[in-house]
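Chemist: The structure follows.
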Amino acid sequence: MKPFRLYAITGEEFHPGRDVVEVMEEAIQGGVDIIQLRDKTSSKKAVLEKARRLKKLAADYGIPFIVNDHIDVALAVDASGVHVGQDDLPLPEVRKLLGPDKIIGVSTHKLEEALEAEKNGADYIGVGPIFPTNSKADVVDPVTTAYIREVKEHVTIPFVAIGGIKRHNVREVIEAGAEAICVITEIVAARDVKAASQALLAAMEEASQ
């Protein structure tokens, strides 16, 4: 898996009336280099149709396409991989289903979970939520940038910081040791999605100096 910097997750509830593929294409044009379909409410058929279209989009731009949770959908569209949470199918079982070459990401909220994911062969981990977020109703309390520092020190696989990350607070995240961030609303809810992506990347670069 090649390194990525800016990871965008779909959030159709934040751009009513706009097509998800159109929004994600603008995000990619702004510098997003990996995308994930996250849909907890639509029918499986609808999720599959979106996944097909997003897979084609990602392929056209030469970037990975990840499916959140729906392993069957990921297999059906030959996605680059899946992202699973702590309450989803255990990582070793996911690997059996997907095979050795697909990307598997795992959400983690504490160091114990991060180390477990690494031991079980995760390709990357999500680290968060760093800040309070309203894009997920079932999230745990914010883990703060202290968790980024812990992961940076103890975990060797790639990680991506997620949760409430905005242009105004991304410096804290980068200075804590994150090299990649994952966002939903800061990109997909923006009036100008491409510009929002570019602004986040610019803020990350500035913080990295």
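Placed from the backbone N, Cα and C atoms, the Cβ positions cover glycine too.
Quick paste from Swiss-Prot:
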BINDING   Gln36, Leu37, Arg38, Asp39, Lys40, Asn68, Ser107, Lys136  4-amino-2-methyl-5-(diphosphooxymethyl)pyrimidine binding site
BINDING   Asp69, Asp88  Mg(2+) binding site
Chemist: Pick the one among the binding-site residues Arg38, Lys40 whose Cβ has the fewest other Cβ atoms within 10 Å in this structure.
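Modeler: With the binding-site residues Arg38, Lys40, fewest surrounding Cβ atoms within 10 Å: Lys40.
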Chemist: In whole Å, how far is Ser107 (4-amino-2-methyl-5-(diphosphooxymethyl)pyrimidine binding site) from Asp88 (Mg(2+) binding site) when you measure between their Cα atoms?
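Modeler: That comes out at 10 Å between the alpha carbons.
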Chemist: Just how many other Cβ atoms lie inside 10 Å of the Cβ on Asp69 (Mg(2+) binding site)?
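Modeler: Around Asp69 (Mg(2+) binding site), other Cβ atoms within 10 Å: 19.
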Chemist: Whose Cβ, among the binding-site residues Asp39, Asp88, has more other Cβ atoms within 10 Å than any of the rest?
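Modeler: Neighbour-count leader: Asp39.
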Chemist: I'd like the Cβ neighbour count for Gln36 (4-amino-2-methyl-5-(diphosphooxymethyl)pyrimidine binding site), meaning other Cβ atoms within 10 Å of its Cβ, all protein chains included.
Modeler: 25
Chemist: If you measure Asp39 (4-amino-2-methyl-5-(diphosphooxymethyl)pyrimidine binding site) to Asp69 (Mg(2+) binding site) at Cα, how many Å is it?
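Modeler: Per the Cα atoms, Asp39 (4-amino-2-methyl-5-(diphosphooxymethyl)pyrimidine binding site) and Asp69 (Mg(2+) binding site) stand 9 Å apart.
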